[in-house]
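Asks: When I checked TrEMBL for this same protein, it listed these features:
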DOMAIN    9-122  domain 'Tetrahydrofolate dehydrogenase/cyclohydrolase catalytic'
DOMAIN    141-278  domain 'Tetrahydrofolate dehydrogenase/cyclohydrolase NAD(P)-binding'
BINDING   GLY167, ARG168, SER169  NADP(+) binding site
Amino acid sequence: MTAQTVILEVNRVATDMKEALKSRIDILAEKGIVPCLATILVGGDPSSATYVKMKGNACKRLGIKSIRIELPEHISTEELIAEIQKLNVDPSVHGILLQHPVPQHIDERAAFEAIRIEKDVDGVTTLGFAQNAFGFASFPSCTPAAILAIMDYYQIEMEGKHAVVIGRSPILGKPVSMMLLHRNATVTMCHSKTVNLEEMVRLADIVVAAVGKPNFIQGDWIKPGAAVLDAGYNAGNIGDVDYEACKDRASAITPVPAGVGPVTIATLLKHTVDAAEKLA
Ligand code: NAP
């Protein structure tokens, strides 16, 4: 490892974010308001169940109410939307999170779009995405917002830097690219049809990996001194970046596990408190 390499200890970022929420939750409590996040889990996918449980537990630890709605695998798109609409009109619910992915027969996009914008704390609606692209989203997608929060915490400069984002999904690659653009980075978005991906990554001052393939980003692709943010989380707790190979060249790097994930959860909690304050 080079002397300059900073391992981005994201648990510190998440802890600070949660600490900052405590006084805001206390002020809401004085007004008789308890921030409330409703999570919806469709089917029995064990990873999704674990993620929902982690989010619920994080809520409880901080004094945020968490409602967990578990729906059977065979539910229809219409039935799922009806459940979302109940939460949309429930004044005690401030945020709604539909755990991705839902079973294949469900129109996930239609279900996401059914979430009222004021309660879209996970930033999954197209309206939320559009607002994010214009730079004034109430609730940007949580993982992209977490990536920027980590960079801000460690004062990683974005303005004028060349950021290369690998992945263009609606929840990660696209919104994080827009957010970096708003911070005056020059952004290159790469995807599965990109030609000469390695050469693109070699030009990056900031690398954001959002591919969903274990150890995909190789050490010799990293320009010495680049900052490497690994959003990937694959089976076996493996990131999208070959951490051991990349950390020798990077100026800063997120490890996996204990990478972007804890800050994503802290961001979700922050958005839920933001939503409760707005309603108050
Ligand atoms: P996704 O929807 O599967 O998107 C993957 C993206 O990677 C797609 O845009 C795809 O390109 C691109 N890609 C696939 N193979 C490629 C290749 N060989 N070369 C270049 N690009 C390639 O995944 P996602 O939901 O964005 O998630 C990405 C990763 O982040 C996963 O590991 C996931 O577990 C993780 N994640 C972490 C968090 C967190 O809180 N830490 C949250 C969400 C996701 P095409 O568009 O051309 O298909």
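Each residue, glycine too, has its Cβ placed from N, Cα and C.
TrEMBL annotations: computationally assigned, not manually curated.
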Asks: Do you know the DSSP helix, strand and coil residue counts for the domain 'Tetrahydrofolate dehydrogenase/cyclohydrolase NAD(P)-binding' (141-278)?
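Replies: For that range the per-state counts are 53 helix, 24 strand, 61 coil.
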Asks: So how many other Cβ atoms are close to ARG168 (NADP(+) binding site), meaning within 10 Å of its Cβ?
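Replies: Neighbour count, Cβ to Cβ under the 10 Å cut-off: 17.
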Asks: So if I draw a 10 Å sphere around the Cβ of GLY167 (NADP(+) binding site), how many other Cβ atoms end up inside it?
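Replies: Step by step: centre on the Cβ of GLY167 (NADP(+) binding site), count other Cβ atoms within 10 Å, giving 24.
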Asks: Please list, for the domain 'Tetrahydrofolate dehydrogenase/cyclohydrolase catalytic' (9-122), how many residues fall into helix, strand and coil according to DSSP.
Replies: 59 helix, 18 strand, 37 coil
Asks: Limited to the domain 'Tetrahydrofolate dehydrogenase/cyclohydrolase NAD(P)-binding' (141-278), I'd like the whole-number average of pLDDT.
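Replies: Looking only at the domain 'Tetrahydrofolate dehydrogenase/cyclohydrolase NAD(P)-binding' (141-278), pLDDT averages out to 96.
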Asks: Using the Cβ center of GLY167, ARG168, SER169 as the NADP(+) site position, which other residues in that chain lie within 8 Å, going by their Cβ?
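Replies: Going along the sequence, the neighbours appear as VAL165, ILE166, PRO170, LEU172, GLY173, LYS174, MET189, HIS191, ALA210, VAL211.
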Asks: When you measure from the Cβ of SER169 (NADP(+) binding site), which residues in the chain that are at least 6 apart have a Cβ under 8 Å away?
Replies: ALA210
